[in-house]
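Contents: one structure, followed by commentary.
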Amino acid sequence: MIRVDHAGEFGATRIYAGQLAVLGKSSPAAHEIARMAAQEDRHLARFDRYIAERGVRPTALQPIWNVAGFALGAATALISEKAAMACTDAVETEIDKHYREQLEALGDHDPELAADITQFRAEELEHLDKAREHGAEEAPAYPLLTGMIRAGCRVAIELSKRI
Ligand SMILES: [Fe+2]
Ligand SMILES: [Fe+2]
């Protein structure tokens, strides 16, 4: 669980880095993205600590998520700000499902981890709401775009559990 969550939070920081590289920092959307990115930094820092404290091997795919995350962020931002928001919409939809499943699997086995996942999940859902407030659903080809990104997330999650 820690390996895949660490990979996901790392990927999130790379997506937002790619979006901010394209959008700069001046628009309202960029401001919102920067705020979400700061939260992803905190999520990643927490999972960095879990990796160290519990001796978990990070995914070997990290160099790929580094590039793929940034590319996804940059590509969606190049389409439009609303497409960048649709990317967050798609990613957070899958992450919410992923964290919900983990919390069910954890039960009361690991209260420390469960508390962090509960908090992060709430923040991811807030990102989803913010993305929709900023017009994610008005992005060009929203169903296709989010469908593709969601499928990519599911593949990335399964691979990061195993490799
Ligand atoms: Fe996160
Ligand atoms: Fe997020």
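The count begins at 1 with the first shown residue.
Using N, Cα and C of the backbone, Cβ positions are placed for all residues, glycine too.
A TrEMBL annotation is a machine prediction, not a hand-curated record.
Quantities reported herein were computed from a predicted structural model and do not represent experimental measurements.
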Let me know which member of Glu9, Glu94, Glu101 TrEMBL also records as binding Fe cation 1 at the site of Glu40, His43, Glu124.
Glu9
What's the CA to CA span in angstrom from His43 (Fe cation 1 binding site) over to His127 (Fe cation 2 binding site)?
13
CB contacts for Glu124 (Fe cation 1 binding site) [other CB atoms within 10 A, all chains]:
25
Cβ under 6 Å from an atom of ligand 2: which of these binding-site residues qualify? The list is Glu9, His43, His127.
His127
Spatial separation of Glu40 (Fe cation 1 binding site) from His127 (Fe cation 2 binding site) - C-alpha basis, Å:
10
What does the structure give for the C-alpha distance between Glu92 (Fe cation 2 binding site) and Glu124 (Fe cation 1 binding site)? Integer Å is fine.
6
